[in-house]
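Peer 1: One structure coming up, written as structure tokens, with questions to follow.
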Amino acid sequence: MVHLTPEEKSAVTALWGKVNVDEVGGEALGRLLVVYPWTQRFFESFGDLSTPDAVMGNPKVKAHGKKVLGAFSDGLAHLDNLKGTFATLSELHCDKLHVDPENFRLLGNVLVCVLAHHFGKEFTPPVQAAYQKVVAGVANALAHKYH
């Protein structure tokens, strides 16, 4: 559960309505893989991830980034039940994929940076603070099965 004021919730949903999930998803996942290269080990089947250009241009990275942001969109629709919304994904990432839960926090922070880059002045400090709450809540929900 994420505790947002009505103003924060409105700001998050208003901005999210303008997000191009295809573009932002691929960019966020790509930047994660470039900035934190150890995360690439979970994506060995994606082919060439040898350079930043290869990562950012990789169609499998873009497609998976879109999928990730699709799940994030579902979370935004269920902010009062993030653990329930992400229970299946938490179980998958914990039991089958063995993803370090710290990676969820890292991806959330990268997503905030990508949103700031895309929206510039519209991504005000209050909007950023609200998004930081949301990505922290999503990361905690995804890490839930690890506890």
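Even glycines carry a Cβ here, placed using N, Cα and C.
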Peer 1: Would you mind telling me which one of Lys62, Lys83 Swiss-Prot calls N6-acetyllysine?
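Peer 2: Comparing Lys62, Lys83 with the record, Swiss-Prot tags Lys83 as N6-acetyllysine.
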Peer 1: Taking His118, His144 as the options, which does Swiss-Prot list with Val2, His3, Lys83 at the (2R)-2,3-bisphosphoglycerate site?
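Peer 2: So, going by the record in Swiss-Prot, that would be His144.
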Peer 1: Test of record reading: of Lys18, Lys96, which one does Swiss-Prot tag as glycation site?
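Peer 2: In Swiss-Prot, Lys18 carries the glycation site label; others show none in the record.
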Peer 1: With (2R)-2,3-bisphosphoglycerate as the bound species and Val2, His3, Lys83, His144 as its recorded binding residues, calculate the greatest Cα-Cα distance and give it in Å as a whole number.
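Peer 2: Between the most distant Cα atoms of the (2R)-2,3-bisphosphoglycerate site, 17 Å.
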Peer 1: Would you count the other C-beta atoms found within 10 angstroms of the C-beta of Thr88 (phosphothreonine) for me?
Peer 2: 11
Peer 1: Determine the Cβ neighbour count for Lys67 (glycation site): the number of other Cβ atoms within 10 Å of its Cβ.
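Peer 2: The answer is 13 other Cβ atoms.
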